[in-house]
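Written out below as structure tokens is the structure these notes cover.
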Amino acid sequence: MDNFRGLKLALKMVLIAMAAVSFFLVMYYYDNRYTTGSPQASEGVLEITEEALKLHPVHSLVRGWEFYPDQLLKPGDFAEDGSASAAGEPYYVSVGRFGTMNRDGRPGWVKGTFRLTIRLPEIQETYGLQIMEIPSASRIYIGGRSVLAMGRPEEEKAGTGSCVIPVQETGDVELVIQAADLSALHSHMFTPPLLGTYGNIARIHDINRMMRMAFLGVAGIGAALFLYMAIAIRWWRGYLFFLFCTCFVGLGICSLIRTGFVLGVQPAYTITVFSFYAGLWLMVVLENDLYRIQAEKLSVIIGGFLVLAVAYSSFVQYSPPVLAKGFFYMTEWYKYGIAFYLIIVSEIALMKKMERSMTLLIMAAVFTTALFMEQLLPYYEPVYGVSFIMVGYAALLIGMFCILWRDMVDAFRNRVIFLEENERMTRQLSMQKEHYRHINESMEETRRLRHDMRHYLRMLSTMADEGNVGEIRRFLRQVVPAAEEGNPLIYTGNYALNAVLSHYLARARRSGIETDVSLSLPPAPMLPEEDICVIFGNLLENAIEACERQEEDARRYLFLRSSQEEGRLLIVMDNSYEGNVRYSQGYFCSSKRNGVGIGVESVKAIVKRYGGTAFFEPEDGRFKVSIVIPGERK
């Protein structure tokens, strides 16, 4: 049976991975600047005909660029024949992940000039050139004129952005890009530009921006919703997911801002690094909290790496390439380690048939697949969409949202039920308190009458001697009803608590439950009457209901011990039960409704409020509750 379960789990993993791989392959082949199939330049010249424009409305400028390393050249620096009069012969390179600028292990800035001659059709048309985030500073010339400057590459002043540049020239158009980059930041040069009719390029740019806005908008709405619910119902997981959504927004916000504004290296780089690794850390903390995994050391280790990553990113502009390379490999281990941890935990949860474990497995598998596809298919730059890793991160967000949504609904519903139950109990206790105060007043009156009985007897004797029968009858009508009042059971000197105990223990006796109660509590217990009555009321109610659900011929018993010693309140209760306790995600489930047991959670909340501890231990046919509350309240 275990082998079959393991095989079934492995099959699920394979199917999820295959679906994720298929999705990423669709992205790779149909939304990739490297796979558009458009003609490429040769030795610095790209010819685009009218037929080519009809066949490929969008050209991705990847290959065949002239590259002049360590120089920032302007259009006037090139001779009429196209060569660089002062720079020597160019290298012919590709941009994007196909090509790099030479660093030679040098810290600081590296520079270079990229040049491409584009032969456009001699027709009246406005073209568009999309530039995507050339790090870390750039200046662009089209047809001999400066059309865009992001930062100041000649002064090593950073500035990066994304935009669409209109191109109205025809014939041979010279495109020159001066680029300067920090050696520790990027392993490749800028994303390949896109060239096409202005309408097509502008539409691509707008779609890309709207997709980023949609991703971040969903995360922002999720953050606001979960923050509101976390505050409203004091929900720890809500705060954690709010922080995760905030990290998701932080991960993509800088790129979105760059579609309309130019940003420098800092603080954008630090925000992006912190958001990515902090989000993964929060995901681990959330998963551990969901499935009650004690992994404090792991959380500390991940948190330590997060501090290290933030410290490095804050001073990245001063970092030598060797340190950047070491940091890169360390982050790779970090990402894959967390991905595999998420998968392992989800598999264990699935094997134990824990709630929502399949959703957790799917999101972890998609994220892990995104990491692998990023390595297996490195030549991917989306035309419309977002990166593989952003999709994987979104899978974590959506998956955890689905997991926590039901948890949030249950928590909200249970809190409403708890508040209603608590209010009802408070009203009930208030009435019982008043009722039993009257009873105790009657008891005091009865004691007084008994104490004065000898005086009454003398009076009756005198009345009898005088033959005053009517007066005797009148006197007896006043005294006898009070004297005949029965004495109720007294469990404790506190009126309200005694009322609760009398009510439930009378019910237990009516249900044929063996009871043994021993309480040593002062008339004024250390807890407020409302709280101590809720504790005893919920414990007794749950215990009696558990006994009543047993078979008729089974032994039903309820043993209760409580005392207040050395400034501590001690409560121990044992009761029989049928041996079936439902337990989900750290909570006892109610036998009367879907969701957690309100009574148990109410007791836990009160005990926790006063700094105490409560243990609920189901054993073979016996349910034991142990509560200790210190005298000094927290």
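The backbone N, Cα and C atoms fix where each Cβ goes, glycine too.
Curation does not apply to TrEMBL; its annotations are automatic.
Among the features that TrEMBL reports, domain 'Sensor histidine kinase NatK-like C-terminal' is placed at 531-630. Mean per-residue pLDDT, taken over the domain 'Sensor histidine kinase NatK-like C-terminal' (531-630), amounts to 83.
Under the heading transmembrane segment, TrEMBL lists 9-30 (among others). Long-range Cβ contacts of the transmembrane segment (9-30) within its own chain (Cβ-Cβ under 8 Å, at least 6 residues beyond either end) map to 343, 347, 350-351, 358, 361-362, 365-366, 369-370, 373, 377, 380, 382, 385, 388, 391.
Same-chain residues lying 6 or more positions outside the transmembrane segment (213-233) and placing a CB less than 8 Å from one of its CB atoms are 239, 241-242, 245-246, 248-249, 252-253, 256, 386, 390, 394, 397, 401, 404, 408, 411-412, 415. Residues or ranges marked as transmembrane segment in TrEMBL: 213-233 (among others).
Long-range Cβ contacts of the transmembrane segment (240-261) within its own chain (Cβ-Cβ under 8 Å, at least 6 residues beyond either end) map to 133, 160-163, 205, 208-209, 212-213, 215-216, 219-220, 222-223, 226-227, 230, 268, 271-272, 274-276, 278-279, 282-283, 285-286, 289, 386, 390, 393-394, 396-397, 400-401, 404. What TrEMBL records for 240-261 (among others) is transmembrane segment.
Summarising the annotation, TrEMBL assigns transmembrane segment to 267-286 (among others).
When Cβ-Cβ distances below 8 Å are used as the criterion, the transmembrane segment (298-318) is approached by residues 107, 182, 184-185, 265-266, 269-270, 273-274, 277-278, 280-281, 284-285, 288, 324, 327, 330-331, 334, 338, 341 of the same chain, each at least six residues removed from its ends. Under the heading transmembrane segment, TrEMBL lists 298-318 (among others).
The transmembrane segment annotation in TrEMBL covers 333-351 (among others). Using a Cβ-Cβ cut-off under 8 Å and counting only residues 6 or more beyond its ends in the same chain, the transmembrane segment (333-351) has close neighbours at 5-6, 9, 12-13, 277, 280-281, 283-284, 287-288, 291, 293, 298, 302, 305, 357-358, 360-361, 363-365, 367-368, 371.
Same-chain residues lying 6+ beyond the ends of the transmembrane segment (358-377) with a Cβ under 8 Å from its Cβ atoms: 12-13, 16-17, 20-21, 24, 28, 287, 290, 335-336, 339-340, 342-343, 345-347, 349-350, 387-389, 391-393, 395-396, 398-400, 402-403. Among the features that TrEMBL reports, transmembrane segment is placed at 358-377 (among others).
The feature transmembrane segment is assigned by TrEMBL to 383-405 (among others).
Residues 23-24, 27, 31-33, 36, 58, 60, 194, 204, 207-208, 211-212, 215, 218-219, 222, 226, 237-238, 241, 244-245, 248, 251-252, 276, 279, 283, 286, 290, 356, 359-360, 362-364, 366-371, 373-374, 377 of the same chain lie 6+ residues outside the transmembrane segment (383-405) yet bring a C-beta within less than 8 angstroms of a C-beta in it.
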